[in-house]
Amino acid sequence: MELGIIVAKQVIIMFILIGIGILAFKKKIVTIEATNIYSNFLLVFVVPALIINAYQRGMVKEQLIGLGYSFLLAIVFHVMAIIVVNVFIKKREDSNYRVERMGAIYSNCGFMAFPVLLALLGEEGALYGTAFIGIFNVFSWTNGVTILTGENTINIKKIVFNPGSLGFIVGLILYLTQIQIGDVISQTISYVASLNTPLAMVITGVFLANINIKETLKDFNIYKSVLLRTVILPLIMIFLIKITGFESWFDTAKSVAIAHIVACSCPAAASTILLVARKGLNSEHGAKLVTMSTLFSVITIPALTIFINLL
């Protein structure tokens, strides 16, 4: 019951913030062009700060073990997601299927997962969430780019030097070495990280206000991608966790499992808009996927979290 109340409060907060975004767009306070700039700001500054901030903690053996298993679960999830999505979303003449595959496989784990993880599990949950983001960055800059371009070339520079990966690498080094960065820098990073939830949800509200809802609701391919992202893939992962008895493997396994399900239940990644636009594909289709999956996930994240906790 307590878990349900915590998640319900977080859902209400997210809905209010999305509503502020809708209102800001309707009143012409924020434009869609400005939102694209804010999205880039989130990706380049806020998400790396969020990751580094999660690693600003003392090292505990049980949590270090949990972090290692978090990496393992994240790898298993992405491999499974790629296989399942390729089966369900077939190639078509139009390139929108590429956008749909990208949106179904890759979650908005940076923007959406952290506020829920912090509310449910505290700083420990955020720590486990960083593992998912680290693996997400590797896969999205390899398989994700291949999905959008059809090219199998791997750009190591982009894998390592994108903002999310840099934040992850810096944060992990600081955590493993226990280097202290000082109160001034630490507090600055914390302030920037705190922008994540309000800014991400307001941006979602602006995107929602800008899309044609009636047209979007008639698109079966959108539904298929959204259901894969927010329901089917997380349920498969819950099944794998339960059938392997993962939650009994080590002391913090239950927390790791919950953190992982929250991360893999998040809506389509922002890169479904930003990276799609850079590759010359239909970014409006990507915006529809991100927006609709965000609305779905506000319900499915708490439902799936409570579900795995009850099993």
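The backbone N, Cα and C atoms fix where each Cβ goes, and this holds for glycine too.
Pulled from TrEMBL:
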- 6-25: transmembrane segment (TRANSMEM)
- 37-55: transmembrane segment (TRANSMEM)
- 67-89: transmembrane segment (TRANSMEM)
- 101-121: transmembrane segment (TRANSMEM)
- 127-148: transmembrane segment (TRANSMEM)
- 160-177: transmembrane segment (TRANSMEM)
- 189-213: transmembrane segment (TRANSMEM)
- 225-245: transmembrane segment (TRANSMEM)
- 257-277: transmembrane segment (TRANSMEM)
- 289-310: transmembrane segment (TRANSMEM)
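Where the transmembrane segment (67-89) meets the stretches 37-55, 127-148, 160-177, 289-310, the count of C-beta pairs under 8 angstroms peaks at 127-148. Using a Cβ-Cβ cut-off under 8 Å and counting only residues 6 or more beyond its ends in the same chain, the transmembrane segment (289-310) has close neighbours at 3-4, 7-8, 10-11, 14-15, 18, 99-100, 103, 108, 112, 116, 120, 204, 207-208, 211, 216, 222, 225-227, 229-231, 234-235, 238, 241, 257-258, 261-262, 265-270, 272-273.
Beyond the ends of the transmembrane segment (6-25), by six or more residues, the same chain brings 31-32, 115-116, 119-120, 197-198, 201-210, 294, 298-299, 301-302, 305-306 to within a C-beta distance below 8 angstroms of the stretch. Most Cβ pairs under 8 Å with the transmembrane segment (160-177) belong to 37-55, among the candidate stretches 37-55, 127-148, 189-213, 225-245.
Sequence-distant contacts of the transmembrane segment (225-245) (same chain, at least 6 residues past either end, Cβ-Cβ under 8 Å): 73, 76-77, 80-81, 84-85, 88-89, 100-101, 103-105, 107, 257, 260-261, 264-265, 267-268, 289, 292-293, 296-297, 300-301, 304, 307-308, 311. For the transmembrane segment (37-55), same-chain residues at least 6 beyond its ends with a Cβ under 8 Å from one of its own Cβ atoms are 110-111, 114, 123, 126-127, 129-130, 133, 163-164, 166-168, 170-172, 174-175, 186, 189-190, 192-193, 195-196, 199-200, 203, 270-271, 273-274.
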